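If you check Swiss-Prot, you get these features:
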ACT_SITE  76  active site, charge relay system
ACT_SITE  171  active site, charge relay system
ACT_SITE  195  active site, acyl-ester intermediate
REGION    146-168  region 'Disordered'
């Protein structure tokens, strides 16, 4: 039941095969069984059951609100939720309870969806592993798959021993893990440079970054205003399209959203691939790209070609500058956005009896981790009067060149670009933390951040399993506001590769092992 698509579970609810309360209880049980993944910061059990009960009354009267009525969903903990603590996984916002819902959260609630809780992330969404938040790292559910335990984990020789667990990707790792572990049917993430697509690829789920301006950012605690986009994580492409249709559209509370009416996003059941042109950017054969991922990428291109599509190599000539450009622009906006956390209006405030300036400094020292403080420092350096033209202005000009590269390719007749999402499959946590956050992020964002700078839509789809039995995702990039075409192509690919979902039983067994380990540690 928990592995059904949105349309399937909606039909089951309508036919009375399961009630909204029963479905909510099953998801709550899954959350408890998979607590060891650390996917959630806050579980809103009481509120979820109340919302499910209200949904059940609507179904009994035949007045359900639509396909999402009674459907459990989760939200990354950098979206405001009325009456529910919103922390950004930071000491700075521990205890902060917003008085309003983010627009995307409210839209789902208005459709009768049931909020299960707030998911874990890197502090203030600054990271690519979901390892740097104050609530601890998120574990990738695939760490506990039989394929990985049998092939890839050096610590898995004994059945009663935990494997060397993998990172979930970031910064929306909690949302990706929550969907992959069947604790909800949909999760919201955020995507500034790949923070939805990266963890989706590592956790074997679909991750959609919409066109900038298609979905409201109101209530999303900002990282980089000019690049932030709410992301959607689901277990299949059509589910992502259903959610996007609900979320898309103008919001008077967000001046950057489109004014035009959004076209319906229903995906056709079949598509003539022979009419498409698929572009393969030659610059994306990047240093560090694993041989396996390269092979899956080539195989996917061959799949389109054998179906009649025109597959051509294209050039995005300014790609090599994109990571450095992204770093300058990202940290500059971070420095500006983080200035609001000063200990006065909301969030953490140091309790020392000191001057106002000393209070500011102490509050930020106590509230932010080293990663956040480091990015603030870098951003302020780039914004100094003597550096502004050489760094910030120059980076803005390069950003325009990067966006123009995409415009040129799409105007030449290319419909969709096909690229890797990540350099490789997920890595073990102990290996991941050997490198600092900045280095890791630069590596992990290499295929994803240029899309944010260009404001384009992109979706990652699980493509294959590596030799270690882990998911490898491929990314499709489309023209601005052409999500229907993008998702139609992605759906066709998804149906062709038929990627298998994670086995529910594997996670249940892993939960029992984790519980035994926890018990033995507490006893000793």
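Here the Cβ of each residue, glycine as well, is placed from N, Cα and C on the backbone.
Cα-Cα distance from residue 195 (active site, acyl-ester intermediate) to residue 171 (active site, charge relay system): 5 Å (rounded to the nearest whole number). Across the fold, the C-alpha of residue 76 (active site, charge relay system) and the C-alpha of residue 171 (active site, charge relay system) stand 9 Å from each other. Residue 171 (active site, charge relay system) carries neither a helix nor a strand DSSP state and counts as coil. Sequence-distant neighbours of residue 171 (active site, charge relay system) (same chain, six or more apart, CB under 8 Å from its CB) are 121, 122, 125, 126, 127, 128, 130, 189, 190, 195, 199, listed in sequence order. Take the active-site residues 76, 195: by the count of other Cβ atoms within 10 Å of each Cβ, the lowest one is 76.
Annotation note: residue 195 (active site, acyl-ester intermediate) sits in a coil segment as assigned by DSSP. Taken residue by residue with DSSP, residue 76 (active site, charge relay system) is part of a strand.
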